[in-house]
Each structure stands twice: as C-alpha cells, then as structure tokens.
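Now, the feature entries from TrEMBL:
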{"type": "ACT_SITE", "residues": "CYS353", "note": "active site, proton donor"}
{"type": "BINDING", "residues": "GLY243, GLU282, PRO283, GLY284, ARG285, TYR382", "note": "pyridoxal 5'-phosphate binding site"}
{"type": "DOMAIN", "residues": "30-380", "note": "domain 'Orn/DAP/Arg decarboxylase 2 C-terminal'"}
{"type": "DOMAIN", "residues": "35-288", "note": "domain 'Orn/DAP/Arg decarboxylase 2 N-terminal'"}
{"type": "MOD_RES", "residues": "LYS64", "note": "N6-(pyridoxal phosphate)lysine"}
Amino acid sequence: MHHFAYRDGALFAEDVDLREIADKVGTPVYVYSSATIERHYRLYEAAMASTAPGKPAHVFYAMKANSNLGVLKTLAALGAGADTVSEGEIRKALAAGFPASKIVFSGVGKAESELAFAVEAGIYQVNIETEGELDLLSKVAQRLGKRQEAVFRVNPDIGAGGHAKITTGSSANKFGVSFEEVHRLYARAANMAGVRIMGLAVHIGSQIREVDAFEAAYTKMRDLVLALRAEGHRVDRLDLGGGLGIPYEVPKDFDHGPGLIEAYAGMVAKLMQGLDAELGFEPGRLIVGNAGILLTKVLHLNPRPTKEFLVVDAAMNDLMRPAMYEAYHEIWPVAEPAEGAKTIAYDVVGPICESGDTFTAGRELSALKPGDLIAFMTAGAYGASMSSTYNQRPLVAEVLVKGDKFAVTRPRQTYEELIGTDRAPPWLP
Ligand SMILES: *Cc1c(COP(=O)(O)O)cnc(C)c1O
C-alpha cells in the first residue's frame, strides 16, 4: 500500500493536501511519503531477516533508485545500508549518515580514483565485476596500506526484468564475471595483498514480478558457493541483489501488500538453508517506487480531429521512464472525479521538442482543463534520480511529507544554477 489517498475530494500525501504543496512549491514537483518508505523498508527488512535465522541479513538500499537527501536520511535512520554505483553516490550516502561500514560499491566501470575513495572511506564491500578491476582494486588498496573486503559479482546467465533495458543477468549483458571465470579469479585473488574475497554477488535485473527467475539464478549461486568451497575457498557472503518489482497498474483500493516480498523471502530461506553464508540484499524500486508521485499542472489542451492532447508542465527530462522503457504510470487527478464522471481519451504530453515526450496515449481521464493538477503515481523510483536539464529545464523540486508536515528536500534549480556553470571559451567575446 501507499499513503496517497483522496480526502474530501482532494488527493493527499499522508495528512498534507497536494494543492498546498503545489501552491507553496510550484509544479512540477516530486512528493515522497515518509510513512510509505518506512513501511516498505520495515516489511522488507523483517522478511529478509527471516531467511537465515541467527545470521544477520544485510539490506543495502540501492540509492540510484532515489537519492534525495531526505529519502536517504529516512532510510539511514531505519538502519539501512547503501548500495552505491559511483563515487558521487558514496559521498552522498556518507553525507546522509550511512556509516561506511554499511556501504557496498557496485557497478561495471569503477575508475581508479573512485576505488581509492571507497577504500580510503573504509566501505564494507566492493562488488568486483571484471578481472581488471580485481587487479586495480588490489593495487590501489595496497598503495593505501589497506586490504579491502570484496566479492565477485557473477553473471548467472539468467536475465529477467520488466524491460530489455533493465535486464542485467543475461550473458549478453555487460554485468559481472562469468561462472567459468570465477574459479580462476578466486584462486588468483587468494595471493593478492590488497583484497580479501569474502564471497559472491548477483543482480539479475529490475521490476521482476515472479520469484521463478530469482530462484533459478540463486540456485546456480548456491551451487557455485558449494563448488568454490570444495576447491578450498572461503565463501562467507552471498549478496543476492535487488530487482523485486512493484505494481504500477493497480486499482485505487489495491493493497500493495507484502505478498511478493514474502514469497521471495520464503524461496530464499528454503534455498539457502544450511548454507551458512551471510546474505545481503540490494532493494531499490521496492522501497521507494510507490512512495513517490510527480505532481504536474495542465498547461494547455490541444484538440485534434482524432484525439486530444493534454499538455502538462512536467516532461520526459523530469520523468524519463515512459520515454525510455515505455513504462506505465497511473494518473490521478488531484481533484477527485465525481462518481461515474464522463471520461476523455487523452494523450498526455510534456513541453519538450520530441514526440517521445509522451507520458501516455489514449488514457481515459475525467475532463481536465488548464490549471488542473494531476499526479503521476508510483514515480518514487528512477524518477527524479534519472532526471536531466534537457531543453534547459531546471531540475524540479522534491518534497518529503511526514504526517501533517512537509519539507522541500531539494529546491527547484534556479536559472542561475542552470546557466551559470557554463564558461565561454577565451576566444569568444
Ligand atoms: C539497480 C541495482 C539494484 C536495485 O535494483 P531495483 O530493481 O531497484 O531493486 C541493486 N543492485 C544493483 C547492483 C543495481 O545495479
């Protein structure tokens, strides 16, 4: 479930009227619910803790899903760790209060400077994706007089995900070392002074709504742990990644309950029983996805003989998912439509000069007019974090709600900030 609901004819985030946020902060604006984030984190954490009784289950929130400072601080306060994919994310995680001892560094292309920063900060674990990175990490850590704990991210050749662009676990994808290679790399790493290999990691994709693909990949991982141990290697940690999906298409009264989380945890518990490994998890979308909406205002109507365009003030630079993945977002008008109100099929589009700047085509909505507010639901994950300033549009504001309070956790970018960082070359006046 989430904490966006109609009250007396208007859409609220927890106890805050979205019209008030639009009035005070302007539109477009992302609005996040603390209660939803907390609920999802607690549910997930409790379910994962049940997978290996007596052993810690490490939950590293994948912060690329939503790296707003207010969201990060909310999760850090709940005791979450952070899964990061760049030096910038490590720096922001530290600034938000995640201890270095709970930070994991993933990603296919870590630069030497980034590895040095991570080692120096004393992070928990580097997830190594190539042999070159193994050598580089060992060299960097040795130079700093440290031995960095790390795991190998393995490509299980089982891909899954809501769209080809978010599938990562197939051998055709760029992620991870192959099953064949990992034996040799494990043996090589044993003699390296700068790294201590602690185990394995896997992450097969995103927006996965069935446990079957996870089960197939995790079965291979368990067998790999056993095979490596039989060769005499220590495998103490198994990081199972993220990727659990969320419902984007749901009726208003749907309970986004823990069903899938429980099925997933049950599968993991059964599969890993007796393995005696510390499990790690890296959820992103599941924690923040339906904890956020993008609030936008209708600018213009553009009726055509065959269809009607609804032009809103948000665009593909603010919410990329529809343009990039053909993703679906529910649209809820902020003023609750009357029961049985007549609907119109709208193409909802943004102001950007690309036809791809279309959020949806032929969507049945109650009649709208310029000035009306609508909300793109389930926009908390891969929304603001993927936004850009394309068309010289300032990054939009982000707001965090808690009960009847709200705070601007990222002000709308100013035009000075947007334009002022460019420099003219000296040969032009
Ligand atoms: C993106 C990513 C995640 C999180 O994926 P979700 O689908 O948002 O849960 C976890 N681990 C790694 C390595 C990632 O790249």
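Glycine residues also receive a Cβ, built from the backbone N, Cα and C atoms like all the rest.
A map of TrEMBL features onto the structure.
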{"residue": "LYS64", "record": "N6-(pyridoxal phosphate)lysine", "CB count, 10 Å": "18"}
{"residue": "GLY243", "record": "pyridoxal 5'-phosphate binding site", "CB count, 10 Å": "31"}
{"residue": "GLU282", "record": "pyridoxal 5'-phosphate binding site", "CB count, 10 Å": "24"}
{"residue": "PRO283", "record": "pyridoxal 5'-phosphate binding site", "CB count, 10 Å": "26"}
{"residue": "GLY284", "record": "pyridoxal 5'-phosphate binding site", "CB count, 10 Å": "23"}
{"residue": "ARG285", "record": "pyridoxal 5'-phosphate binding site", "CB count, 10 Å": "24"}
{"residue": "CYS353", "record": "active site, proton donor", "CB count, 10 Å": "8"}
{"residue": "TYR382", "record": "pyridoxal 5'-phosphate binding site", "CB count, 10 Å": "24"}
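The secondary structure of LYS64 (N6-(pyridoxal phosphate)lysine), as reduced to three states from DSSP, is coil rather than helix or strand. The 6 Å Cβ screen around ligand 1 retains GLY284, ARG285 from the binding-site residues GLY284, ARG285, TYR382, ordered by sequence position. A helical conformation is recorded for ARG285 (pyridoxal 5'-phosphate binding site) in the three-state DSSP classification.
The two recorded residues the residue listed as 'N6-(pyridoxal phosphate)lysine' and TYR382 (pyridoxal 5'-phosphate binding site) have their Cα atoms spaced 7 Å from each other.
It is 22 Å from the Cα atom of CYS353 (active site, proton donor) to that of TYR382 (pyridoxal 5'-phosphate binding site).
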